[in-house]
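Residues or ranges marked as compositional bias 'Gly residues' in TrEMBL: 316-327. Taken from TrEMBL, the feature compositional bias 'Basic and acidic residues' covers 329-343. Sequence annotations record features per position, and here TrEMBL assigns region 'Disordered' to 316-343. Feature annotation from TrEMBL assigns transmembrane segment to 49-71, 83-108, 128-148, 160-188, 208-235, 247-272, 284-308.
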Amino acid sequence: MRQTLRTVGLPAGLTALAFAVLYAPSTVVGDEVPDWLPSVGPHEFTLTLYLQIGTVLGTAAVLAGALALGYREARHRDVTGVYRRYAGAVLLGGAGALVLTVVTLIAAGETMGTGPFGLVLPIAVELVAVPGVFAVSALAGVALASLPRPGPADAPSIRTLLPLGAAAALVCGLGVALESAFSVLVSVTGVDGLPAFLPRSWSLGSTFVTYIQLTRLASDLALLGGGLALGYLAVRRLGVETLSRQFVAVVAVGGFAGFWLAWLPTTAIVVVDGVGTTLGTYLLAVPASLLSTVAVATLAAVAGVGVARFEGDGRGAVGRDGTGATGRDGADATAVDHDADPR
């Protein structure tokens, strides 16, 4: 019981903290820069800069915290045999904390949803963006802690891993393209408002918000799903045995290249045709965008390798305490728990 509460409660608390960290800057700063923050230029530039710094720090903290959570859990007990149950518990705890946070904000008078979907779409977007990313990152931490490190002679060559770089470029490029799709569409239509062929049965502002949320949801799902599939297929198709620095580097570099291949043309279209956002604003948002695309896809790929290896090893037995019956070195899981986390 104590183990279950820790497995669910800790991710729930961290997810609530993550939600606060990610969205606190916009709440604290608002439309005005606080007097205690120094000005670094025009008001709009200063405001955007501080908001982006907060977003970068918040995103990095969420990813690092989730990775550390999964790594610590795998070092204290074997979860490879029940990784699905562990990931589900992390996701469930995070989702519960997120819904509770949203309900609290609504009770405090915040407006969370508009349009025909009300609260459903905003909550769905945040469930993927916060608890979803958190669960996948925690699973990546489990994979890093559980899988053996390859020796210099066992590590795959860069040439062998090159297809993974191309796949990572495709995943990250698709994520950027999907998130920018609506803005690009509005720009290329050359009209002041919503393109005529898109359905609209509610106010113009609600329509814009709804489509932006839909593209963000599609982007996050593509990054998480594509990254997981990339790591899984790396094991099944390319024979990647375990995680290595080469694997992580190739995926990260490929994702970085794919980001720019998609970001440059989409940004050029939006800025040249004009939708009210300047090039400087987009440039300030690049660090946060890199974290939310390349870093997320790379962690998802690491998690995908772990999933494929855990499935391939056939560690499906469940011990008395809910952990896998065999540990990383074949030892009994209860012995691992006793040695690593005595109570």
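Positions of Cβ are set from backbone N, Cα and C atoms, glycine also.
These numbers come from a predicted model, not from an experiment.
Residues 45, 48-49, 52, 55-56, 59-60, 63, 67, 80, 83, 133, 136-137, 139-140, 142-144, 146-147, 164, 168, 171-172, 175-176, 219-220, 223-236, 240, 242-243, 247-248, 251-252, 255-256, 259, 263 of the same chain lie 6 or more positions beyond the ends of the transmembrane segment (284-308) yet place their CB under 8 Å from a CB of it.
Counting Cβ pairs closer than 8 Å and at least 6 residues apart in sequence, the transmembrane segment (49-71) and the transmembrane segment (160-188) reach fewer than three and form no contact. Recorded stretches compared: 83-108, 128-148, 208-235, 247-272; the one with the most Cβ pairs under 8 Å to the transmembrane segment (160-188) is 247-272. The stretch in 83-108, 208-235, 247-272 that contributes the largest number of Cβ pairs under 8 Å to the transmembrane segment (128-148) is 83-108.
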